[in-house]
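Colleague: First, the structure itself, so that you have it in front of you.
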Amino acid sequence: MISPRSSFKDDIVLVDPTREVNVGLWSLFSATTVFLAARLWCKSTRRHGLWWDDHILIFSWLVVLFNDILISVEFATGYVTKDEWDDRMHILINISSCGTLVGQAVSKTAFAVSLLRMTERWQQYILWFVIVTMNAYMFTKVLFQWARQCDDTDYDVWYRPNFCVDSEFLDQFKEGGNIYNILMDFVLALFPWAITMKLRMRKYEKIGLALTMSLGMLVAIMSAVRTWWVGRDVYGDKDELYFWRRSVSMIWFSAEITGTIIVQCIPVLRPFLQEVHAAISSRTFGHSSANAKTTVSQDKFDPSAGTYSVTVTSIAAEKAAQKGSNIDTFGTRGRPSQDYQPRPSSPPRGLSEEFELPIQNTNAGWSPVNPRG
């Protein structure tokens, strides 16, 4: 049996971090659930539908849920103890460790898949390399998680396959995998800047969009801090805070996965928040300019759906519609595509309407499709 607690002194009173672990893990999970639900709601109500990246994120969310349940069960059934862990506890720990590895790789894969729809061919090759190597690393680490260690007979137990790995190599391989994940976070965070700089938008809008799409940089920094902290051999001291330090590392690992999911939801919510702001502004200033004949437009690029939208506020068009006139007033930076069909005259739902223009990636950058060439 493997017992990292065999050297505990009898007079040590262990600090039980069960409550802190549950609060930390389930708070992160709750926040992730809210953001993911908002993302799915926005994409469904805006008629974009769900794509592969959404399904991968949902799978990542399920992995986090499964992992949090396992860890809660571990702490509720004897994780914090001076006695030896039994086989059941070792199996639970191995499964939750594998869940963490899968969650790390799959959540990052979702973002890489999202970028595939917005990048050029040579950039897609890089993204596919990132996807394949990250998941290959993950699969190998999961396999090694169950392997025996050649120089330690404590690992010769019935639930481990009959093959062994050198313990020193195993530690280096795991550390290398953590570093590789951090590097891939930084690589993926750079892609939005290359994409948005080619968009025909105001400069501050480009920067704002790039920042929201590259929030994965924060996850990379957090992962680097966690890797440095764990690499200090904080588990080695068999004192009263031993399990408290292990619980902190569990929360760090969960934060990496949940953070990766959350930062992918924020760019999808950005156009929705802009619409809310525009609606509030229209109601605030609409009464003082009731007779205005101007049209205000707001351009948005939705990274999740690959669409270029134009939100139009036209008080004159609203008044004309109320009188039964068939007038369509809008402003764009190009002609509308054939996919756009003007709405028939009907009482308007509000001061703002949104037209979605499919976009194409050309050498000149992302722009609305011009069907006339």
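Each Cβ is built from the backbone N, Cα and C atoms, and glycine gets one as well.
Keep in mind that TrEMBL annotations are predicted by a computer and have not been checked by a curator.
Pulled these features from TrEMBL for this protein:
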- 23-42: transmembrane segment (TRANSMEM)
- 38-274: domain 'Rhodopsin' (DOMAIN)
- 54-71: transmembrane segment (TRANSMEM)
- 125-147: transmembrane segment (TRANSMEM)
- 178-195: transmembrane segment (TRANSMEM)
- 207-229: transmembrane segment (TRANSMEM)
- 249-273: transmembrane segment (TRANSMEM)
- 323-373: region 'Disordered' (REGION)
Colleague: Flag the pair the transmembrane segment (125-147) / the transmembrane segment (54-71) as in contact if three or more Cβ pairs fall under 8 Å (sequence separation 6 or more).
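Modeller: Contact between the transmembrane segment (54-71) and the transmembrane segment (125-147): absent, because fewer than 3 Cβ pairs are under 8 Å.
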Colleague: At a threshold of under 8 Å on Cβ distances, which of 178-195, 207-229, 249-273 pairs most often with the transmembrane segment (23-42)?
Modeller: 249-273
Colleague: Roughly where does the domain 'Rhodopsin' (38-274) sit in mean pLDDT, to the nearest integer?
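Modeller: Result for the domain 'Rhodopsin' (38-274): average pLDDT 86.
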Colleague: Cβ under 8 Å to the transmembrane segment (178-195), counting only same-chain residues 6 or more beyond its ends: which ones?
Modeller: 104-105, 108, 111-112, 115, 118-119, 123, 126-127, 130, 133-134, 137, 209-210, 213-217, 219-220, 223-224, 227, 260, 303, 366
